[in-house]
Number of protein chains: 2
Amino acid sequence: MTEPEPRVLPEATLTRLTQYLRALNAFEAQGTERTSSGVLAKEAGVNPAILRKDLSLLGSYGTRGVGYVVTELAEHINRTLGLTRDWRVAILGAGNLGRALSGYAGFASRGFQVRAILDTSASIIGSDVGDLVVEPISTLGEVIGREQINIAVLAVPGEAAQELIYALAAHGVNSVLSFAPRPLRIPAGMIVRRVDLSTELQILAYHAVQS
Amino acid sequence: MTEPEPRVLPEATLTRLTQYLRALNAFEAQGTERTSSGVLAKEAGVNPAILRKDLSLLGSYGTRGVGYVVTELAEHINRTLGLTRDWRVAILGAGNLGRALSGYAGFASRGFQVRAILDTSASIIGSDVGDLVVEPISTLGEVIGREQINIAVLAVPGEAAQELIYALAAHGVNSVLSFAPRPLRIPAGMIVRRVDLSTELQILAYHAVQS
């Protein structure tokens, strides 16, 4: 009997799945065909029992004495995470952060194509960022249509972010990763993940004091 | 009877504490003196029952009908997170990401002072980044001593990261935030938090497919 696949996986499981995927991709690059839960767990930096439980949530149990076929398991995790879809990213804000994100090698290697970068500043519009040219944010709707953007990354100051959220929703882009350092009002049907880099430093400080 | 304070708070609680703190800081800036768990939970985007449980872990229960004193609760969370200590940050890598991080307003406002930025590239060394001048990574030990650095941020390509981890450990810097896109071997006694920005996009993709 197969366990039913849960409707929504817990956040911690999702994060670990991305770690397993990264490890599996490294194995694929090395030409490794099979792996065990122990080896994979070590490479991903996760407890083997937790790894086995996570993969069983996906319905992937491996085979006793044989383990997991690397490409099959990677494919299975890719499908679970929705990464077999084509994700086309627009970066809003072409300051240092926007530029850093547009060149972030991890995006392309995981199937996220950065197709456009936009800014409001006349001194930046028209300049090159990697293979892209910075376009004016006033042409957001046009760029979304042309490039079939389905994910936006907000790399703008806090005060500019809220208006852009509404503009993205109006143009049908409902998945947003925000680096803006303030909470945003989120229109219904939109998914916004906030990355606050100072949270990471604060948690690091806590552990440093404990140790 | 007061519950004993737990030795190490769960990661999810720590993340929420940083959210409460941000909300409390906003209240302080507006001159708000008292708040309730309901109002604070709403501002922080967290379920009120979870907020009350988190704060009870800290021994902060508020007063029925009166709620929490904003400055006291902020101070209490600051102390819990170790933010009353002086944190002096060096950024290793002065590319777009390092530059973006050095100017990240959220760091300074939470008590993390970026005191130095270093790079290996001769074409970058000596150039200005905000109020700092890029110093050569070969002077890492000297810079750590001079600025009494106690947190390092790694904003370098994957291949350079491992060597720098060892160099930091050798110079007594044991708290590291790493943006390098690969797992690192961590010397004993060192705490490294990895930020992988593509993990965030992958989780976003998962939720977008579910919705």
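Note: Cβ is positioned from N, Cα and C throughout, glycine not excepted.
TrEMBL entries are annotated by machine, without manual review.
Pulled from TrEMBL:
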type     : residues                                 : note
DNA_BIND : A:19-58                                  : DNA-binding region
BINDING  : A:G93, A:A94, A:G95, A:N96, A:L97, A:G98 : NAD(+) binding site
DOMAIN   : A:82-183                                 : domain 'CoA-binding'
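In the three-state DSSP reading, A:G95 (NAD(+) binding site) counts as coil. With helix defined as DSSP H, G or I and strand as E or B, the DNA-binding region (A:19-58) counts 30 helix, 2 strand, 8 coil. Checking the binding-site residues A:A94, A:G95, A:N96, A:L97 against chain B with a Cβ-Cβ cut-off of under 8 Å leaves A:G95, A:N96, A:L97.
The least crowded of the binding-site residues A:G93, A:G95, A:G98, judged by other CB atoms within 10 A of its own CB, is A:G95. For A:N96 (NAD(+) binding site), the number of other Cβ atoms no farther than 10 Å from its own Cβ, over all displayed protein chains, is 20. Set side by side, the binding-site residues A:A94, A:L97 differ in how many other CB atoms lie within 10 angstroms of their CB, and the most is found at A:A94.
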